[in-house]
Amino acid sequence: VLVASLVMLEAQSSDTIQVPDWGKRLLMNHDSNRVGIPCGESCVWIPCLTAIAGCSCKNKVCYT
């Protein structure tokens, strides 16, 4: 999440980095009341490796 935030800050302040609108919406407008913040990995075949950081599997995606 911290990395995504830093990428978005860089993308907003730079004219050379182009982030698609859907990417901005996904990173900046998460619905924390429904699921949580995405941890950046799926848990379709293996458990969340980011469980040590507090992530858990919900709907085949790791969330905090």
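Every residue, even glycine, has its Cβ placed from backbone N, Cα and C.
Within the set Cys55, Cys57, Swiss-Prot assigns Cys55 as the partner of Cys39, by disulphide bond. A C-beta separation below 8 Å, combined with a sequence spacing of at least six in one chain, links Cys43 (disulfide bond) to Cys57, Lys60, Val61, Cys62.
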